[in-house]
Amino acid sequence: RMASPALLMRVVASAYSVAEKAATIVRNVMSAGDLGIVEKAGPNDLQTKADRLVQMSICASLARKFPKVTIIGEEDLPTDDVTEELIEDGHCEEILKKPCPAQYAGIKEEELVIWVDPLDGTKEYTEGCLLDHVTVLIGIAYGGKAIAGVINQPYYNYEAGAGAVLGRTIWGVLGIGAFGFQLTEAPAGKHIIVTTRSHSSTLVNECISALNPDTVIRVGGAGNKVIQLIEGKASAYIFASPGCKKWDTCAPEAILHAVGGKITDIRGNSFQYNKEVKHMNSAGVLATLRNYDYYASRIPNTVKESLVP
């Protein structure tokens, strides 16, 4: 008899199905037409009914299967009884078939921290345009490092017209790789920067112009920006500002690192994901699939000094 799959692979396989359920909730809330928008810290910091239902669904579904895992979600929600229809019990068989990397084979539940962003790109979601910017993020950390992640794009392909399959799920584990997309490198010799769409500032723009980019793409969502890197649409993701949180970067970091990319803050420090860590990535984000050093070496010291980790 085959040994039962390692805990990490079971968590990732469950997170995959949980993310697909989340995508269905996101699409259902949108098509029902009542987004139930609440402003949190201001007009660029919104929460919708989808954020609330998805977080309840993800956290409750994973907590039920893995009760000792720490789960940290973006939204501050009452932990009331979650209705059964929000619970997803399934898992992705394909993931369970892959052998767990040896260094993660002995992980115990209480050693894992799961960082959840139920709806990354809420602004785009509420505007009802640029829906492919919207992602659901489930990041899995061990020893303070992001080691596995799931990114679901509920509206992937939404402009392809009738009959197209809507949505996709990307997943990755360090030491195995990342799946659900076509890994592509950005055009050689081109400096295409992807950055924030709604949180621009003098510092953000100063940092970008110092890199002398050929093109600057402004899109919503951290998950979406990392997808731009792994699909070769951008060569670097740069955000010289606080604002990004651990639940924005954990899943994308695991997927990017699983395919040989790199993400740090603007000063080159790696992110920590243990449960005690502060939630804000105060020193911004610098990420690339390739040529990290090229971009890191060109960030002005004035910019680095303005951002305190």
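Glycine residues also receive a Cβ, built from the backbone N, Cα and C atoms like all the rest.
As given in TrEMBL:
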type    : residues                              : note
BINDING : GLU74, ASP117, LEU119, ASP120, ASP248 : Mg(2+) binding site
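All features noted in TrEMBL, drawn onto the structure.
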{"residue": "GLU74", "record": "Mg(2+) binding site", "Cβ contacts under 8 Å, 6 or more apart": "ASP51, GLN55, VAL116, ASP117, PRO118, LYS245, TRP247"}
{"residue": "LEU119", "record": "Mg(2+) binding site", "Cβ contacts under 8 Å, 6 or more apart": "VAL26, THR48, ALA50, ASP51, VAL54, TYR125, VAL134, THR135, VAL136"}
{"residue": "ASP120", "record": "Mg(2+) binding site", "Cβ contacts under 8 Å, 6 or more apart": "VAL134, THR135, VAL136, LEU137, GLY221, ALA222, GLY223, ASN224, ASP248"}
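When Cβ neighbours within 10 Å are tallied across all protein chains shown, the highest count among the binding-site residues ASP117, ASP248 belongs to ASP117.
The Mg(2+) site is defined by GLU74, ASP117, LEU119, ASP120, ASP248, and by the 8 Å test on Cβ atoms against their centroid, the other residues of the chain that qualify are ASP51, VAL116, PRO118, GLY121, THR122, THR135, VAL136, LEU137, GLY221, ALA222, GLY223, LYS245, TRP247.
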